[in-house]
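Under the heading active site, proton donor, TrEMBL lists H219. The active site, proton acceptor annotation in TrEMBL covers E355. According to TrEMBL, the beta-D-galactose binding site annotation covers N121, R122, H219, S220, Y221, D290. The feature signal peptide is assigned by TrEMBL to 1-21.
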Amino acid sequence: MNTIKKSILFLFAAASFTACKKEVKIEKTSTTVIKDNMATDAVTKSDYATMADGTKIEKYTLKNKNGMTMEVITFGGIITSLTAPDKDGKYQDIVLGYTKADDYFNGNPYFFGAIIGRYGNRIAKGKFSLDGKPYQLTVNDGPNSLHGGKGFDKRVWTADAATDGMPSIRLSYTSKDGEEGYPGNLTTAVIYTLTDDNALEITYDAETDKKTIVNLTQHSYFNLSGDFKTILDHELELKADKMLPVDATLIPTGELKAVAGTPFDFTTLKQIGKDINAADDQLKKGQGYDHCWVFTDASKELREVGALYHKASGRYMQVFTDQPSIQFYSGNFLDGTKASKNGGKYEKRSGLCLETQHYPDSPNEPKFPTTTLNPGEKYHTKTVYKFSVK
Ligand code: BGC
């Protein structure tokens, strides 16, 4: 961009900033978003790809003051790359993603990097009722509904730079009453922020005009090694003394089971590969880890709930959330059919998800914490993935 154009853009940004105090509006046609007190390239916008129906998808690149970057596309709010430093200060991409835009647009069976909604995880047979009124959701995973059917991961979101002084974008999407079978118009906003201390902060907000159910999460697959080969050498800690056993279709049985003395005990850092092949009925059902862990600390405050560590690179990722549980999915269904970013293929267990959320199938389990959202209530949750080395 030449200097004159830069100045015009700056003036435009400065004017908008003065007009609305905090927020600097993004000029529609610009490729650079200028934000107050940040480097000019803290948030940049560019064309990503055009879908078959002509919809243009944009890509936002966020960069914090240390050089950590994140790329997000407006399709599915998908995080297509996220870099973190290793023990030598080398930044490498640590999330799985496709090499071709079409792989995101045409199915994305793995839900790589996406915002998940309205209901993250499974609902048995896609059925639930509210105040005695039955609802039928789209069934897309054997007999069950998974991740909202044609969910938020497959919707086009509206993006805007957010306002908190650090590189940040706000994605919004309104899900119509009846979409995929869910009641109520649900207005949703997800904000991704890269903080100065190398954390990715995610906030989720939603409101409805009819009683409904909501359980939003993020489906990034992490591999802290930088080579996308395996997560079996990663160590995991989950501050959770119980997990939810599942049936053959991965629906919780309703029981909360103590993890002590089982392969599901991650109460202190443990290598993921250590017990993953143990003779265990639950591991057999999940084809590895694909379960919900219930945090020992049941408070609704943002607290540290676990961590992921890759010794060779030194990368350490702490997880904080205000949610009651987490789905740890060890990438069991990755099958080597998709090209990885470093020239190989995404093999089984080459990435893992740590999806902070409410328990699966809660609408059908009165004992589980509620996922009902009423008109007038504000759904607001927060999760933080913080990167450092050790
Ligand atoms: C689920 C897995 C599912 C995967 C799809 C995870 O959140 O727990 O069972 O196969 O999403 O990528």
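Glycine is no exception: its Cβ is also placed from the backbone N, Cα and C atoms.
Source: prediction; values computed, not measured.
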* Maximum Cα-Cα separation (Å), residues N121, R122, H219, S220, Y221, D290 listed as binding beta-D-galactose -> 18
* **From R122, D290, E355: recorded positions whose CA lies within 10 A of the residue listed as 'active site, proton donor'** => E355
* **Listed binding-site residues adjacent to ligand 1, that is, members of R122, S220, Y221, D290 whose C-beta is under 6 A away** => D290
* Identify, among the binding-site residues N121, R122, the residue whose Cβ has the fewest other Cβ atoms within 10 Å in this structure. => R122
* Structure fact -> Quick note, S220 (beta-D-galactose binding site): same-chain residues at least 6 apart with CB under 8 Å of its CB -> I79, L82, V95, L96, F112, G113, C353
* Structure fact -> The rounded CA-CA distance in Å from N121 (beta-D-galactose binding site) to E355 (active site, proton acceptor) is 9
* **Surrounding CB atoms that lie within 10 Å of the CB of H219 (active site, proton donor), all protein chains** => 24
* Rounded Cα-Cα span from E355 (active site, proton acceptor) to Y221 (beta-D-galactose binding site), Å -> 10
* **Three-state secondary structure, D290 (beta-D-galactose binding site) (per DSSP)** => strand
* Structure fact -> Neighbouring CB atoms within 10 angstroms of the CB of Y221 (beta-D-galactose binding site), all protein chains considered, total 24
* D290, E355: which of these recorded positions has the sparsest Cβ neighbourhood within 10 Å? -> D290
* Reported as an integer number of Å, what is the Cα distance between the residue listed as 'active site, proton acceptor' and D290 (beta-D-galactose binding site)? -> 11
* Kindly assign S220 (beta-D-galactose binding site) to one of the three DSSP-derived states: helix, strand or coil. => coil
